[in-house]
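J.: Take a look at the following structure, please.
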Amino acid sequence: MTDFRQDFLKFSLAQNVLKFGEFTTKAGRRSPYFFNAGLFNDGASTLQLAKFYAQSIIESGIRFDMLFGPAYKGIILAAATAMMLAEKGVNVPFAYNRKEAKDHGEGGVLVGAPLKGRVLIIDDVISAGTSVRESIKLIEAEGATPAGVAIALDRMEKGTGELSAVQEVEKQYGLPVAPIASLNDLFILLQNNPEFGQFLEPVRAYRRQYGVE
């Protein structure tokens, strides 16, 4: 594990993107933490987020030729991360999709560079995996190849079965998923920072009940 993962979690805490307490997930589970990437909503925080994505993508070793951001959250992530990758000497095109097809102007659902080669999907999290599945269909329909998925946080918890949403994507499509940080990294943060000590046991219990290896 490299320090940037811990730096990302601390940054998320400072931005109130990551919170500890008692929360109810969409699946109806009582969770001791909550992560809302939508709160990276100003220029400075989006810039820093994109730097973390770029570093995570480079360290993952995934081979890719361009980025694709599924609407809507993935749009700004693809654009901002492409800028940060360019600063690191990796200049790649990016594209995104519209929710509704246009019948005038550019037309269609795709905007940006043509989907070609190995395409890395970038999103905030993988919950049900719907966004990833739709992205894969779009990419393959254009004759390109999905290369993997970059996300901000892997919650590492079971879905309806024994696998997590991330593991299901990896198994079903054979694609690598590169998170900036995971539940394991969050657990390390709690262990190493006494000010968060009260949340260590609740997170441990949650991981024991819902977590995956």
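Just so you know, glycine gets a Cβ as well, placed from its N, Cα and C.
I grabbed these lines from Swiss-Prot:
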BINDING   Lys26, 72-73, 98-99, Lys102, His104, 123-131  5-phospho-alpha-D-ribose 1-diphosphate binding site
BINDING   Phe34, Phe35, Ser127, Arg155  orotate binding site
J.: Measuring Cα to Cα, tell me the gap between Ile126 (5-phospho-alpha-D-ribose 1-diphosphate binding site) and Arg155 (orotate binding site) in whole angstrom.
T.: 9
J.: Are there any residues in the same chain, six or more apart in sequence, whose C-beta is under 8 angstroms from the C-beta of Lys99 (5-phospho-alpha-D-ribose 1-diphosphate binding site), and if so which?
T.: Ala71, Tyr72, Val109
J.: For Thr130 (5-phospho-alpha-D-ribose 1-diphosphate binding site), which of the three DSSP-derived states applies: helix, strand, or coil?
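T.: Where Thr130 (5-phospho-alpha-D-ribose 1-diphosphate binding site) sits, the three-state DSSP reduction gives helix.
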J.: Using a 10 Å cut-off on CB atoms, tell me which of the binding-site residues Lys26, Lys73, Arg155 is the least crowded.
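T.: Sparsest of the binding-site residues Lys26, Lys73, Arg155 by Cβ contacts within 10 Å: Lys26.
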J.: Using C-alpha positions only, work out which of the binding-site residues Lys26, Lys73, Ala128 is nearest to Phe35 (orotate binding site).
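T.: Result for Phe35 (orotate binding site): the nearest of the binding-site residues is Lys26.
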J.: Quick check: with Phe34, Phe35, Ser127, Arg155 left out, which same-chain residues have Cβ atoms within 8 Å of the centroid of the orotate site Cβ atoms?
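T.: Residues close to the orotate site, other than Phe34, Phe35, Ser127, Arg155: Thr25, Ser31, Tyr33, Asn36, Val125, Leu153.
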J.: Of all the binding-site residues here, Ser127, Thr130, which one's CB has the most other CB atoms within 10 A?
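T.: Within the set of binding-site residues, the most crowded position is Ser127.
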J.: Where's the emptiest Cβ shell within 10 Å among the binding-site residues Phe34, Phe35?
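T.: Checked Phe34, Phe35; of these binding-site residues, fewest Cβ neighbours within 10 Å: Phe34.
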J.: Near the Cβ of Asp124 (5-phospho-alpha-D-ribose 1-diphosphate binding site), how many other Cβ atoms are there if near means within 10 Å?
T.: 19
